[in-house]
Every structure is written in structure tokens, then in C-alpha cells.
């Protein structure tokens, strides 16, 4: 069997990916390695037989695809969060990453760990695969002896793989311990932050306030996260037009969560009984967004297309959102449209409602975006001493994807790709990368097993992980007064590891960890790529 893997690179690739993904599903101490197990399977097989390999190009393609799809999804939320809590959260994450890098530099310098292994140890302790790849990318420009380059290029990968397991475990254990020490009540935290998981509902409110603004401005001017989907006046129901004002005695169907509906009742009038969706003239339907023409444009600008129709809710992934004028649609969204029964067909044609069309998404924007990302990654930034720094095949595509994800579309060019396709490409990309990088380091890993310095790498890697974990959790929650769930999410984002986010989300059962994670993940990814390369430059 081993000889078959040596002779057939494609077979070796799919065997490594299959075994890795199977092992990654096994829970160990309450968490699982996930796709990261592909790296360890590749290391194990190539340690047994160093001649097992996969095409080197796959590691570059896989890495670029992985970070690009992450950036596309994170872009809109990342830049939006900067207007609220994003600056605070990123200051905490970046401060911790910088302090951790300084600690790593001190340990490596004092204990004479070689530069390549030291930089790899930092990336493993911070569980960041793209940062490790950036170290490997930077080595050719720093190593004069090209004959030794192949051997030296293995060192960061080996050190990364030694430090990585505890890099995950220590973070999760730290979150569990600090949660117990701080006596965290996740339910109360979520309620206080207004993110407790609640169902969207529709209620009927009779207008008694004669001074209400235009109906479309009620959410903004009255600070309510609701939408008025229907107006009942003198026994007839209709969808509110732009600029429509409610009259005293009108009955409004208002959509939102219970807390917001209670506030809306106090501001508008009085709650009355009755089914808000019982009218025979108006209908509603969930419609699948598959038409790229409506993607990336604010709902306020799409309103002329939806005359006598109203989008009230958007379901993205597993989350229901109240529609607002500034919100944009994405491919794969499911939206609830309220309209006269005869208009529902028109709404369906506008939005697409075709799963088949969505599955056949346009590859051109994906290829063009990746091309731009690779080009940006090639740009060199000069450093003192004649060396230079570049974002590489990880940082370049990530930066470009964040920007393209924010703008969503350029003319007819829709940069966003469907949610399901994004996840599939992301998993494929990271699996390809880990399989390729794992097999390339097998020979070095074999010698590291019997090398006493390996214990040093493991020990100092664990210390680095413990430092960033305790720093973020204590400073974030106790000194900066950030909810513990959100602080744990910031730590997961600073570590850029989905397994940590999965653990804390399962523990808290609310959206606070995800909020912290998504607000810092993109910048933390870029920061760790730059930190790892900078550490390497300082040490060589």
C-alpha cells in the first residue's frame, strides 16, 4: 500500500485527505481537530515513508483559496463592526498578538532556538496555518545557501506541528477554567447584550400616537429593530409605500423579537389580538436569492423593483434578520416577501428562487479575485537592512477578499459567491494545503521525534499559548469589561481557530462568541502573518 502512495501522487492526496477528515471528526477532550487532522496524517505517512508526496503547487492553491473564501464572507461584517465594538476588540487582539510575539522572540533568543523553528513554533502556538506558510514563503529570500533551503524549509512546518496540538487544547482549557473562576452566566450576558437567541414574530399594534414618523423611518428615528410589514386601514390591508404615515386608528403589523415588539407597542400604540397574517389579499413567501442582479445593492435602492411588495426578513445561514434599508442581499439568502397574492410570482422572478442556478455560480469573479490577491501578495515592502516583507499567498488574497466582500459587486461583477459554495471551497482549500505541507515535512519530523529540542519547542509553544489565553481573557473581561462570551470569541479569533469558537459557542449557546470572533478574525490573520515574518527577519 505504501508503495502505491509513493508511485501515485493523486492516490496519496485523496488517502491523506480521507483519513485526516475521518480522524478530525473524532472528539478528544470535548473537541475535535477537524480538517487540521489532515496535516498530522500527512506528517505521519511521510514520516513512515519520506518519498510520499503530493504536487507542491497544491499547497499554494489550497492556501490562497482558503483565505480568499474566508475574506469574502468576513468582509461585510468586519468593516461594519469597526463602527461599533470592532476597534476595541481588535485593540485587545492585536495587543495580545504583539506581546506574544515579543515573548516568543525573547524565548527563542535566550535559549538559542534556530530562527526557522522558532517562527514555526510561534505559528503553531497561535494555531495559524497561513502564518506558517508565510514563514516558508519568506525563507528563500533570506537563505543564501540554496542547497540547504529544502532542509531549512521543513523546520517551520515541524515546529508548527509540534506546538499546534497544545495550542488548541490550552486555549479551550483556559476558557473553561476562567469561566468557572469568573462564575459566568452566559444567559444573563446574552440578555444584557441584547443577543439572546429569539424568534422573529409579527404582532398587530393599533396606532394611538399621532406624531409617528414615516413608516420606513420608524426603526431609525425611534431606535427600534423592527419593520412595519402591513397597514390595516378601514378594513383594508396594504403594504406601506415610501413616505407613508400611519393615522390614529390604523393597525400595523410589526415584525421583530419580543423585546423590540414591546418597545414598539409603547412607542406606537396598543397591542391588539388577531393573526397578523390572516389577510386574504396579502400573501407572504420565502424566496431563495439566486439572481446576481439584486446582490450587493442596498434594499433601499432595490425598492423600485418591489413596487407594492416588501422584504421583511432575511435568513442567512441559520440566522433570521429583520430587513433594513441599508442591508444588502447575498446569493443563497432566503427572504420573506409580503405582497398581494398576484405579485408573489413577480417577486419570485426578481429574486430568482432557483437552487439550480445558484449551484451553477460564475467562476470568473472567483478567478479574478484570486488573481488580484496573488498580485497584491507579491508586492514587497522594504525593511531596514535590505530585506523586504510581503503579504504572500495568504495575506494578499485575504486583504483583497475583505475589500471585495465589503463592496460585494462592481457593476455587473458580483464578487460574493453562494454561502454553500464558499464553505465547500474553503474546506477543499485548507485540506489541499494541509495535505501538501504535511507530506513535505515528513523527513524533518522523523528526526525531530528523537531530538531533545522537540520537547523545548512543545514546552515553549505551550507557554506562548498560555500567555495569550490568560492575557486576553483576564484583560478583556476584567479590565475592559467585555462580556466573557465575547472575550472568549475574541480569543478564538485571535487564535484564528474554528474549534475554539465551536467549543465556546456550544458552552454559551448565544451569538456573543461569534460576534467577538468575526470582529477580530481578519485583522488577526493578517497580523499573525506579518508577526511571524517579522520574527523570522529579526532572528536571522
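Using the three backbone atoms N, Cα and C, a Cβ is placed for every residue, glycine included.
Taken from TrEMBL as is:
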- 269-353: domain 'RCK C-terminal' (DOMAIN)
- 6-23: transmembrane segment (TRANSMEM)
- 30-48: transmembrane segment (TRANSMEM)
- 54-79: transmembrane segment (TRANSMEM)
- 91-113: transmembrane segment (TRANSMEM)
- 162-182: transmembrane segment (TRANSMEM)
- 361-379: transmembrane segment (TRANSMEM)
- 391-407: transmembrane segment (TRANSMEM)
- 428-449: transmembrane segment (TRANSMEM)
- 455-475: transmembrane segment (TRANSMEM)
- 520-539: transmembrane segment (TRANSMEM)
Report yes or no: does the transmembrane segment (391-407) come within contact of the transmembrane segment (455-475), defined as 3 or more CB pairs under 8 Å with a sequence separation of 6 or more?
no
Paired segments the transmembrane segment (520-539) and the transmembrane segment (91-113) in contact, 3+ CB pairs under 8 A:
yes
Is the transmembrane segment (91-113) packed against any residues at least 6 beyond its ends, judged by a Cβ distance under 8 Å, and which are they?
121-122, 125-126, 453, 456-457, 460, 463-464, 467-468, 471-472, 475-476, 480, 482, 487, 490, 493-494, 520, 523-524, 527-528, 531, 534-535, 538-539
Does the chain bring the transmembrane segment (455-475) near the transmembrane segment (6-23), so that three or more CB pairs sit under 8 Å (pairs 6 or more apart in sequence)?
no
When secondary structure is assigned with DSSP, how many helix, strand and coil residues does the domain 'RCK C-terminal' (269-353) contain?
22 helix, 35 strand, 28 coil
